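Only one structure is covered here, and it is reproduced in the block below.
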Amino acid sequence: MALYELFSHPVERSYRAGLCSKAALFLLLAAALTYIPPLLVAFRSHGFWLKRSSYEEQPTVRFQHQVLLVALLGPESDGFLAWSTFPAFNRLQGDRLRVPLVSTREEDRNQDGKTDMLHFKLELPLQSTEHVLGVQLILTFSYRLHRMATLVMQSMAFLQSSFPVPGSQLYVNGDLRLQQKQPLSCGGLDARYNISVINGTSPFAYDYDLTHIVAAYQERNVTTVLNDPNPIWLVGRAADAPFVINAIIRYPVEVISYQPGFWEMVKFAWVQYVSILLIFLWVFERIKIFVFQNQVVTTIPVTVTPRGDLCKEHLS
């Protein structure tokens, strides 16, 4: 009659020796070689500590209805026209002040509670002898991030265009993009730049100089910039028609760079360490089995009787 294996179970064998024996020293050395080298390998392979991470978020952007406009005129008009929403700036312009008609509208296209774009239109009245060759325009915004890094700041969009021929309209369709010189902190509120881009209460002309405003703004580590590589300059203005600036500024989803917190760094490092540790555990487990089974170090082998068998022997 043929015999078949119907059931099997492993027999546990232990190896005993003193704490000061070669076997104990071997186990201590094996443990050190099992757990320390994976840490060194993960650390030396770079990227062990996550110093920078990123995520996507659509910022909460609101137009602050602050405008500063400089329209550059042709040589026959000798100069420029200017206007802003800051009374102190307007008082400094004298005869060069020209008040335009401004209309704005912010739109939430996907109905998620966050505005997606700004429709901005400015009509600057001109005399028949005045011709616009260039435009410098500053619009200010309130800019907020909430998800991982909490940021509140006041930012701006700076538009500058000039052409050799007089224009009737400037059309802009671009994105208000976030620029970072360093990652944001993920802990606490970052309100370093929650200050006005333009000092609208100052009576000094220096504070309204565009070079000063732009230079001070670029000193920030976090800014916004209007990204429109191809503004459209339209020509052919009627004698009594105004010069028109028609702009659509979108608020797109941004990739935000930030410094991860302690537990996120630990989680990222732990995954790398464990993935390498599993290989070392498998290798050294095989080495220890070989060493003790072949008595490379002297020990006393003992076969451990399963608990169920001990109960049977006791009952018998």
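Glycine is no exception: its Cβ is also placed from the backbone N, Cα and C atoms.
Look at Swiss-Prot and you will find Asn194 (among others) tagged as N-linked glycosylation site, backed by sequence analysis. For Asn194 (N-linked glycosylation site), the count of additional Cβ atoms within 10 Å of its Cβ stands at 14 [all protein chains shown].
Sequence-distant neighbours of Asn199 (N-linked glycosylation site) (same chain, 6+ residues apart, CB-CB distance under 8 A): Asp207. The annotation N-linked glycosylation site is assigned in Swiss-Prot to Asn199 (among others).
Residues or ranges marked as N-linked glycosylation site in Swiss-Prot (evidence: sequence analysis): Asn221 (among others). DSSP assigns Asn221 (N-linked glycosylation site) to coil in the three-state reduction, placing it in neither a helix nor a strand. Same-chain residues at least 6 positions away in sequence with a Cβ under 8 Å from that of Asn221 (N-linked glycosylation site) are, in sequence order, Gln180, Lys181, Gln182.
When Cβ-Cβ distances below 8 Å are used as the criterion, the transmembrane segment (23-43) is approached by residues 15, 17, 269, 272-273, 276-277, 279-281, 284, 287-288, 291-292, 297-299 of the same chain, each at least six residues removed from its ends. The transmembrane segment annotation in Swiss-Prot covers 23-43 (among others) and rests on sequence analysis.
Residues annotated as transmembrane segment in Swiss-Prot: 262-282 (among others).
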